[in-house]
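*Asks:* As annotated by TrEMBL, compositional bias 'Acidic residues' applies to A:235-246. Marked as domain 'Palmitoyltransferase DHHC' by TrEMBL: A:260-396. As annotated by TrEMBL, region 'Disordered' applies to A:232-256. Taken from TrEMBL, the feature transmembrane segment applies to A:116-133, A:140-160, A:172-187, A:306-339, A:359-380.
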Amino acid sequence: MANFFAAAIESERSEAATEASQATLCCCEYVAEDKQPFHMLGCCCNCEDFDLVCTRLITCKRIEQRNIDGMLIAFQDRLRLPWRGGAKRISPAALAPAFIVPLMMGLAALNAKTGIVLMLTLIGFTSWGLQLAERTATKTTFFLSWIVFSIVYMVVIFEFEVPLLELLPEENYILLLLSGGALYALYRTKKLAPLNLVTAQYGTTPKDELPGITEASSGEEQAEQQAATDTILGIDDDDDDGEGDDGEKAGLMQQHRGGQPNICESCRKVTPRRAYHCAVCGSCVKRRSHHSYWLNCCIGERNYRWYLFALALSECALLLGANLTLTAVCHPFLVVRLLGIPLLLPDDCSEVFEDFELGISFVVAAYAILISGYITFVLVRQLYLWYRGTTLHEFKRVKPSSSSGGIGNGSRNRVWSNWRAMLK
Amino acid sequence: MLIRLCQHNFHIFDLLVFSAAITLIVYISLPQRFALRYDYIPQEHFEESLLAATTPNISASQLAPDCSYKEVIADSRFVYDAFHREKIHRGEEIRLGGEYQPEDCRPRFSTAIIVPYRDRQEQLAAFLSYMHNYLRMQFIHYRIFVVEQSDRKPFNRAMLFNIGAKVAASYDYPCLILHDVDLMPLNSGQIYACSKLPRHMSSALDSWRFHLPYRTLFGGVVAMSMSQYNMVNGMSNLYHGWGGEDDDLYERLKVLGVDICRFDPAYSEYTMLKHKQETPNENRLALLRAASLRMHSDGLNSLVYKEVERRMHSLFTHILVET
């Protein structure tokens, strides 16, 4: 097992080295399967397997499996997107949403019946897809790509199809700010995800995992290590800690000084407290909450705050966008005037499907409301767990064993220290 | 593929993406694509901006004190509810022909409300029952003229307004309100009287989220004094079909240097009853371009029509015409 992991890391390093050596690739060039540089314009050249398959098909001869495999591998290898530093391979799963999403929206905008049917199909398909992903624990970019393309199409439809003459510029600016904030928070969540992974190997003495060791290292490493130790031990800068914290601190110190460091069986790494293994990421994650299939990363210690921001901001952006779109497209009525700002809600949407522009705006708004409903559920659950001072992983583990008694008097202290660590 | 700018190397990919993003953001944020905030007369100045003018019979007769409009404006509230819409309360106060003047005080404003109409019976019924309740809360002297087009040619709203204005002039009304049959005011403070400048009353339509799409919008409900209407020679008679005649009227006022005004949006909220979308008249843009040139030859002085019938209903004066 250890050999396997060592070999995997070795191959990763070598690939990075070869990539570094070929940093002079233009954006349309890439390194093909046979390790030779290739250009995107040559995508139709040298398709031996494909030629063979087609010839055999036309002349009604038997087609060999290895030719089909070679053909499919060549397709996958040559389907690329121009990117800085070399063309990047696109997986079909990542590209599919670019076509599925607008197709679905367009069909749903034709009339009310197709709209309802397609929205229900969407919900069913998404739940099935998520369950499938959870069951097989696959790491796929399909859902992330789905989110990205949904956002792109929603913004495009809003800015170009919705009757904007009925909106004030300030309403548009607020929507853009909220959307921009949500996208930035999502980007940070994803960017910080690799920092959650536990990197120490079994058998080595990881200086950044054991407490109290401060060697002459770079400033960043030291700060990270300091932060790691602080979060492990719950040490805070503030003075107004309760005594409960001292008790927990003492307990932890004892555990680390006296006992063995925790070792994860699945990935054979030395893990700090409250780090759990994620089958999809293939590693232990510090204070793991859950693996988010939508963002294709684990939510843990470093990006939990950004994750909550992203959820809250995108909820606001989606609801505001849906409200603006629906009140512009349907007949609105005034509910109440808050501080001079009128709150409008749509009351009559019967003429929406007569015009394709209005129809697609309505469908996009309904889609945004569905998404925001789902986000509400996720957000409420996360906030409840945050209030209780636990993470989703621990909540799910603790619940069936009903060891609520075991949490006991340490729970309030843990809540307090959890909050502080979260807000740091 | 590096470009050197300001002593730094930038990759062309980055520059392209950056400039595309900037262009997109600038385009999305342009204020012209949205509704606008407009100048309006604030609530304190409503009363002084109104033109006090009445028909001769009002000024001559009454000994009652002048009606006070300050409370009507200050106590403006939402009145578009079932109570005011369902039926006309105290209908015996309304005189034949759809005319009313307040008993207890002397009104300072006399208004002729001209409503062009064809075929929309439910909307007319809703309009009449609501507007009679609404207008009597304002203590003005008013009369509702419904001008109906009896032939089946395209609906010529502007010509019907011209006809209504001529009839109202024969009854000596100094103030005209050109009113669509499917619009109804939501708040009670929008005084149905003319102001010194022609006033666009329906500036906050509920189907447009109570915003004004563009400044030169002059359709829906417009208050114009009879003298101003005569000065611009009324509206153009050539707009057969939907669209353009209100913009034409705006152009005529602009030629004479007369600007339009609006009241505070909170008082100008109107609701539009649902109706089938009309097909726009294709000629309207061409007619609109030559609007200022046609002003003195096409309008009230070139009005040709046949009055089929004039009848005094209990709620309105009905003028049936053939255009």
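Cβ atoms are placed via backbone N, Cα and C, with glycine included.
Could you tell me the structural context for the features on the list?
*Replies:* Away from its own ends, the transmembrane segment (A:140-160) comes close to residues 91, 93-98, 100-102, 105, 129-130, 133, 175, 179, 183, 186, 293-296, 321, 325, 360-361, 364, 367-368, 371 of its chain (Cβ-Cβ under 8 Å, at least six residues beyond either end).
Same-chain residues lying 6 or more positions outside the transmembrane segment (A:172-187) and placing a CB less than 8 Å from one of its CB atoms are 147, 151, 155, 158, 164, 295, 306-307, 309-310, 313-314, 316-317, 320-321, 324.
If you look at the transmembrane segment (A:306-339), the same-chain residues 6 or more away from its ends with a CB under 8 A from one of its CBs are 154, 158, 162-164, 166-167, 171, 174-175, 178-179, 181-182, 185-186, 188-189, 192, 289, 292, 299, 345-349, 351-352, 358, 361-362, 364-366, 368-369, 371-372, 375-376, 378-379, 382-383, 386.
For the transmembrane segment (A:359-380), same-chain residues at least 6 beyond its ends with a Cβ under 8 Å from one of its own Cβ atoms are 105-106, 108-111, 115, 119, 122-123, 150, 153-154, 157-158, 161-163, 308, 311-312, 314-315, 318-319, 321-322, 325-326, 328-330, 349, 352-353.
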